[in-house]
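> Before we start, here is the structure in question, set down as structure tokens.
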Amino acid sequence: MSDNSQKKVIVGMSGGVDSSVSAYLLQQQGYQVAGLFMKNWEEDDDEEYCSAATDLADAQSVCDKLGIELHTVNFAAEYWDNVFEHFLAEYRAGRTPNPDILCNKEIKFKAFLEFAAEDLNADYIATGHYVRRRDINGKSQLLRGLDNNKDQSYFLYTLSHQQIAQSLFPVGELEKPEVRRIAEKIGLVTAKKKDSTGICFIGERKFRDFLGRYLPAKPGPIMTVDGESLGEHQGLMYHTLGQRKGLGIGGTKEGSEEPWYVIDKDVQNNILIVAQGHEHPRLMSTGLIAQQLYWVDRQTLTEKIHCVVKTRYRQQDIPCSVTPISEDKIEVHFANPVAAVTPGQSAVFYQGEVCLGGGVIEQRLQE
């Protein structure tokens with residue numbers, strides 16, 4: 001085993017079980033470990049949302065238990081400027097962004113990485129992400145996490161091999177139940193804490209209410225493909241392609257009991273377009289165009305490749321071909337049609353366990 005005792009690692013402590021166990025595992029591996037709690041959101045109002053205070057207390061408790069220092073830093077300005085403003089702009093444009101991807105790109109693996117290296121003299125940062133790193137020929141690769149159910153490489157595809165080389169992912173080698181077992185065994189307060197599902201750093205808010213604070217909702221018609229009006233939506237931003245729940249329209253058309261699905265948004269005219277059945281042709285795509293590309297090895301794609309893609313988190317791998325249109329634009333064709341390919345979300349590419357990178361879906365391609 002290489003001597004890690006001279007190497008300093010700063011663990012991004014979220015107050016959750018994954019980062020807690022990451023800190024412990026790194027300690028076991030002999031590193032000099034300290035924690036860092038990032039405050040990335042200022043408006044921590046009323047009791048329902050006071051999760052940040054609880055998270056900080058939990059992170060502190062874990063660090064005390066492990067006998068390591070916990071630093072805190074406020075990245076709220078960076079988060080607002082580089083993540084949240086973009087998030088709102090995408091919703092305004094009728095797209096459905098993924099703030100976690102942007103947050104990893106701008107905060108956890110940029111602001112945090114720089115702060116740890118420059119202010120805390122760290123050799124590495126570490127996070128509780130379920131991904132793995134492999135170094136080949138002097139370049140770091142991003143691999144899927146060992147626990148297929150928890151793999152988070154989809155959210156980290158913008159990282160470069162240099163950023164990965166400066167990062168450690170201890171729980172990526174484990175399955176989630178094992179992580180909880182370790183936390184319980186060593187008596188960490190976070191052992192039974194449930195996984196967070198809120199928007200990145202904003203916590204478990206009621207999403208519709210939260211979005212409504214920053215973007216005025218514009219109600220408009222819900223229409224079928226044939227132009228028949230079925231009711232009113234409260235704002236296109238509250239709906240995403242393939243959505244079934246929360247449309248407020250029931251049941252039958254010409255005797256069909258099939259549920260209604262969002263199959264398109266007409267942003268220009270503020271119309272939500274719906275159809276019955278989740279395999280409606282308008283919901284299916286044969287491919288997509290993506291831009292804002294990030295390849296982990298930072299090499300530009302110059303020729304067609306065959307690989308697999310995910311167009312959303314936890315989706316089954318989809319075999320596809322990827323053809324470069326320009327340096328920052330690709331055309332992707334799926335082996336079989338895929339439902340609910342959503343502009344604003346990311347398409348992330350893999351060969352085997354290796355995450356190649358990805359880009360933001362600009363448009364879906366249909367027959």
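Backbone N, Cα and C define each Cβ position, glycine as well.
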> Just to be sure I read the record right: Gly12, Met13, Ser14, Gly15, Gly16, Val17, Asp18, Ser19, Gly128 are listed as binding ATP in Swiss-Prot. Which of Met38, Met223 is listed for the same site?
Met38
> When DSSP is mapped onto helix/strand/coil, what comes out for Met38 (ATP binding site)?
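For Met38 (ATP binding site) - judged by DSSP and reduced to three states - the answer is strand.
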> Please report the number of other Cβ atoms within 10 Å of the Cβ of Cys103 (disulfide bond).
25
> Name the residue among the binding-site residues Gly12, Gly16 whose Cβ has the smallest number of other Cβ atoms within 10 Å.
Gly16
> Please report how many Å separate the Cα atom of His129 (site 'Interaction with tRNA') from that of Gly16 (ATP binding site), as a whole number.
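Taking the Cα atoms only, His129 (site 'Interaction with tRNA') lies 11 Å from Gly16 (ATP binding site).
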> Can you give me the same-chain residues 6 or more apart in sequence from Ser14 (ATP binding site) with a CB-CB distance under 8 Å?
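Sequence-distant Cβ neighbours: Phe37, Asp55, Ala59, Gly128, Ser196.
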> Would you give the longest CA-CA distance, in whole angstrom, between residues of Gly12, Met13, Ser14, Gly15, Gly16, Val17, Asp18, Ser19, Met38, Gly128, the set recorded as binding ATP?
16
> In DSSP terms, helix, strand or coil for Ser14 (ATP binding site)?
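DSSP assigns Ser14 (ATP binding site) to coil.
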